[in-house]
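J.: This is the structure, below, for whatever I ask next.
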Amino acid sequence: MTSTVAHGAGSAGPADDAEPMSARTYQVRTYGCQMNVHDSERMAGLLEAAGYRRAAEGTDADVVVFNTCAVRENADNKLYGNLSHLAPRKRTSPDMQIAVGGCLAQKDRDALLRKAPWVDVVFGTHNIGSLPALLDRARHNRVAQVEIAEALQQFPSSLPSARESAYAAWVSISVGCNNTCTFCIVPSLRGKEIDRSPADILAEVQSLVDTGVVEITLLGQNVNAYGVSFADPALPRNRGAFAELLRACGDIDGLERVRFTSPHPAEFTDDVIEAMAQTPNVCPALHMPLQSGSDRVLRAMRRSYRAERYLGIIERVRAAMPHAAITTDLIVGFPGETEQDFAATLDVVRQARFSAAFTFQYSKRPGTPAAELDGQLPKAVVQERYERLVELQEQISLEGNRAIVGQRVELLVATGEGRKDTLTARMSGRARDGRLVHFRAGDGPVRPGDIVTVEVTDAAPHHLIADGGILAHRRTRAGDAHADGQTVRGIGLGMPGIGRPVVPVAAEATSCGSAGGCGSADGAGSSAGDPQ
């Protein structure tokens, strides 16, 4: 669907009145899940290929692109609040352009312009590649452009990319989702699952490694389903395709770490566990959303598994990889949740001993079956349960981290992970299991992207401390690239990291696939992340 809407006085002027395209700068603001981060890198790549350049930090961009999330009312309010903040600048700088894409744009469509008529471009989740042309058309014609495709036009991974990191990269293996969780709006916004071919994925991974990337995260709404809906009709369905893909990644020289997100417990199979355990560069980390420990609530959520099956998967994972870090997503206050249901969730959390849990308070979202269910709970009840769950998980996380004190861990040095690093003279990195470690680098030239070995000296619920200095340091091509200025700012390494602080306020987003999409829960995360 394509439509145009005439702007008022705040619209962009004709091309002759505007500064040359080569001088125009851009900024992409991302809300939501890791799939949106992946897509934002593509938006940035498209703009740079079209002659735009990234705006310097602290400066006003000529083009501001919002890549949105549609999972909660909070996400809506945040977007429209930020758009309102730009309205005065739009009035005084008519050549400045605003574009809104992502899931909220796919959902609201023309309604977005009624709420924010100063927006220049609205585009959806299926036609990211149209962004430069839509901006150009809106700028030349002084008419807002709304283009929402109903089906995927091109895999985002095939588009140009301006990646945020020299050492870690997202690699999408599929788009869309075939599940029907009652709290999730993703299938209606991103469509049914479509899988990329293994050859395309492995070619992208190889090209990334050739540029110095040492860690990749495979992205999908439900990575376990990979292989059932290949875009290429010549490829047969293959239920074992994801395990085969993990093993194939293990054959790529120079690729040191492989992560993935997110699996669905209903389709988690033992061949994936075997591939994880037997492929050295696949990290001993698993983020597997639970959502609730109550079988009755899981049934109402249409999650297609029960607590016993979930705990059985964890048991088999730990049997194969005893030191694996397992994290999860939890929704508190789903419609009809009783105190008995909540107690069942607490019980499963105690048994599972998660390294971290990304916990969110439910809020109903129009367009999801759960929004129509009876038994919507009072906010006070949900908040009280949420606080109890976070307290329990904090205790479990701290106990798990304290058990690592005295151990040596290998870190991929990161940038932008520790807010207090400058004050404490520490740097930060991620262990192979995803834990965040703050360490003292000493006087050596340690760069983001390098590999260091340290000994853990202290622990907190969301991070580890290594103040004993560096025991080993390996310089990498990724570190060289970072030192050469080939990265702008850091991104998280793989799936929600173990080690972000408790923030008892509404989180950026929730999701039906922690990296792959967005669901319909609301609230704060005991470790900021997105639920599946």
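Cβ atoms here come from the backbone N, Cα and C positions, even for glycine.
Given the structure is predicted, the values throughout are model-derived calculations rather than measurements.
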J.: Which range, 1-21, 253-273, 400-420, does Swiss-Prot list as region 'Disordered'?
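T.: That would be 1-21, the stretch labelled region 'Disordered' in Swiss-Prot.
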J.: For the region 'Disordered' entry in Swiss-Prot, name the matching range from 73-95, 510-532.
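T.: Region 'Disordered', as annotated by Swiss-Prot, spans 510-532.
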J.: According to Swiss-Prot, C33, C103 bind [4Fe-4S] cluster 1; which one of C69, C177 is listed for that same site?
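T.: Looking through C69, C177, the residue Swiss-Prot assigns to the [4Fe-4S] cluster 1 site is C69.
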J.: Of all the binding-site residues here, C33, C177, C181, which one's CB has the most other CB atoms within 10 A?
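T.: Max Cβ neighbours within 10 Å, all protein chains included: C33.
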J.: Would you identify the secondary structure of C103 ([4Fe-4S] cluster 1 binding site) according to DSSP, in three states?
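T.: SS state of C103 ([4Fe-4S] cluster 1 binding site) = helix.
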J.: Let me know how many other Cβ atoms fall within 10 Å of the Cβ of C69 ([4Fe-4S] cluster 1 binding site).
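T.: Counting Cβ neighbours of C69 ([4Fe-4S] cluster 1 binding site) within 10 Å gives 27.
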J.: What are the helix, strand and coil residue counts for the domain 'MTTase N-terminal' (24-140) according to DSSP?
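T.: Split by secondary structure, the domain 'MTTase N-terminal' (24-140) comes out as 61 helix, 23 strand, 33 coil.
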J.: Report, in whole Å, the straight Cα-to-Cα distance of C33 ([4Fe-4S] cluster 1 binding site) from C181 ([4Fe-4S] cluster 2 binding site).
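T.: For C181 ([4Fe-4S] cluster 2 binding site) versus C33 ([4Fe-4S] cluster 1 binding site), the Cα atoms are 17 Å apart.
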